[in-house]
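**Student:** Marked as region 'Disordered' by TrEMBL: 1-26. According to TrEMBL, the compositional bias 'Polar residues' annotation covers 16-26. The transmembrane segment annotation in TrEMBL covers 62-82, 94-115, 136-169, 181-199, 211-232, 252-270, 291-312, 332-358, 387-406, 412-432, 444-466, 472-491.
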Amino acid sequence: MRSEESSEALGVQGLRRTQTGSAMEGQNCNNTCSWTHKPATDSKKKKKIKEIPDRVTLKKEIGLLSACTIIIGNIIGSGIFISPKGVLEHSGSVGLALVVWALGGCVAALGSMCYAELGVTIPKSGGDYSYVTEIFGGLTGFLLLWSAVLIMYPTTLAVIALTFSSYVLQPVFQNCAPPYMATRLLSATCLLLLTWVNCSSVRMATRIQDVFTVGKLMALCLIIVVGLVQIFNGNYEALTTKVAFSMDRTPSVGQVALAFLQASFAFSGWNFLNYVTEEVVDPRRNLPRAIYISIPLVTFVYTLTNIAYFSSMSPEELLSSNAVAVTFGEKLLGAFAIIMPISVALSTFGGINGYLFTSSRLCFSGAREGHLPSLLAMIHYKKCTPIPALLVCCAATIVILCIGETHNLINYVSFINYLSYGVTIAGLLWYRWKKPNLYRPIKVNLLVPVSYLMFWALLLGFSLYSEPVVCGVGLVIMLTGVPVYFLGVHWKEKPKCIDNFIEWATSVGQKLCFVVFPQIDPIEIASPSEWTDRSSGRKSFSGRS
């Protein structure tokens, strides 16, 4: 419960030694952190005795609506506006392309159902990383964390930021591509702004996500409505059965697999709510609900959007366009065509915010497990936001922006991302066998993870066959984390000079960012009966065997 006097200004108690650094025990949270007090026992002094010490902890401010917007906002990025032509190019026909889009959503739904079970069974922030670490152990989890923090999220953020800057600058440089330096500077400015927002307030960050997700859906609804008007006016030749499934060439099984891979990447982001489980209000209830609402909605919107594209654009026009939504707007919206590039810019702005919000929680979770520097596991003593983790995500993305070679990196990222999905869902089956009697609030039918893994193995096999170099480089990037793990994590008896340096750096970081280790709320710890393996009577939450 919050105290009636929780908005009073309170002092900071001081510093205490914790792990490798010193952490401030926060007693100044105004009305932003959770406080619990007993009723007053001394009416003369009117003081309240605290039943539980003052806490500095991540706040549960993500309700069902915000949970849905995190999933939808991270799935719907720039892809559906810019280049759905990849699916059409590999599938070879309009009809098969629409089937691939619909089935791509079904595959994402299967995966999200598995993640719903994992999310309520292992209710930790960190998503794939936390589940893999809990199930397979530290090394496997660290390799996933290493590739995500080093390459996957910084590269994805850089690409989204560059897309944002390109579309914002497009009206200024109408007859030529925006200058290289201008796009980089605007991208970095956008990143810094949203990093500041996320450092300042969880509530502000989630409100931005809510607003921009609604904006994305409104832009897609505009495309769908215009497309439906075209269909009602008789402009649906490309959608007739005779034309839709006509093919100049019959696509091979490999080409169809690549089309599914393109659609699967367009749905990436369906697992992002699992990265912030500990900040979701009543996660056992709202996490699965948000997943079951968001994935069908996105699948429905994606399919209708592609139908709208084909109602007014021939397959040749779509394949020749580098920005399908913009070409669609120029053809049908006339003077209002400017709405489309603005929609893409707003969509990517919301995408940057969502990726920053979730990827910083991955760093936070990794540091809490001891796989990253302990400073990244700290939060602001008053605002309760993971400032060091956010700053690291922002800095890594700006480095990728300066390197400039994002297109090759994104190919490696896609392979690593898809590989992590399969490993995580395979972990669900292993956990079922390893701990059959563990309490699971949600337990999906075994056909769900098995079906997903069969489809996953098929696509992964064709990816390895068609692009062995890209997949090989992706594996090498991931495996470079092995020596880092043994030197940085597994090696406990480090020289004293190294420990002293780490302690000094942690202390300096704390003083600069005003951060502390979050404190555990005894009230929020699940009761023993919920975490007992009924076959052995052992608690399973923190133990790894």
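Glycine is treated like the rest: Cβ placed from N, Cα and C.
Annotations in TrEMBL come from automatic prediction, not curation.
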**Student:** Is the transmembrane segment (412-432) close to the transmembrane segment (62-82), in the sense of at least 3 CB pairs under 8 angstroms with a sequence gap of 6 or more?
**Tutor:** no
**Student:** Which stretch, 181-199, 211-232, 252-270, 291-312, 444-466, tops the Cβ pairs under 8 Å count with the transmembrane segment (412-432)?
**Tutor:** 444-466
**Student:** Below 8 Å between Cβ atoms, which of the listed ranges 252-270, 387-406, 444-466 makes the most pairs with the transmembrane segment (181-199)?
**Tutor:** 387-406
**Student:** Sequence-remote contacts (6 or more beyond its ends) of the transmembrane segment (211-232), Cβ cut-off under 8 Å?
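**Tutor:** Distant Cβ neighbours of the transmembrane segment (211-232) are 69, 72-73, 76, 80-81, 239, 301, 304-305, 307-309, 311-312, 325, 328, 332-333, 339-340, 343, 346-347, 349-350, 353.
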**Student:** Excluding the flanking five residues on each side, which residues at least 6 beyond the ends of the transmembrane segment (94-115) place their CB within less than 8 Å of a CB in that stretch?
**Tutor:** 84, 87-88, 127, 238-239, 241, 243-245, 247, 251, 256, 259-260, 263-264, 266-267, 270-271, 274, 291, 295-296, 298-300, 302-303, 306-307, 310, 315, 421, 424-425, 428, 444, 448-449, 451-452, 455
**Student:** Sort out the residues at least 6 away from either end of the transmembrane segment (332-358), same chain, that have Cβ-Cβ distances under 8 Å to it, and list them.
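**Tutor:** Residues 70, 73-74, 76-78, 81-82, 127, 153, 156-157, 160-161, 163-164, 167-168, 170-171, 190-191, 194-195, 197-198, 205-206, 208-209, 211-213, 215-216, 219, 222, 226, 230, 269, 272, 275-276, 312, 323, 325-326, 390, 393-394 contact the transmembrane segment (332-358) from elsewhere in the chain.
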**Student:** Let me spell it out: take the transmembrane segment (252-270), skip the flanking residues so only those 6+ beyond its ends count, and list any with a Cβ under 8 Å from a Cβ in it.
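**Tutor:** Beyond its ends, the transmembrane segment (252-270) has Cβ neighbours at 71, 74-75, 77, 79-80, 84, 86-87, 89-92, 96-97, 100-101, 103-105, 107-108, 111-112, 115, 291, 294-295, 298-299, 302, 354, 414, 417-418, 455, 458-459, 462-463, 465-466.
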**Student:** Given a Cβ distance threshold of under 8 angstroms, which distant residues of the chain, six or more beyond its ends, lie next to the transmembrane segment (387-406)?
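**Tutor:** The answer is 149-150, 153-155, 157-159, 161-162, 180, 184, 187-188, 191-192, 195, 198-199, 356, 359-361, 363-364, 367, 375-376, 378-380, 509, 513-515.
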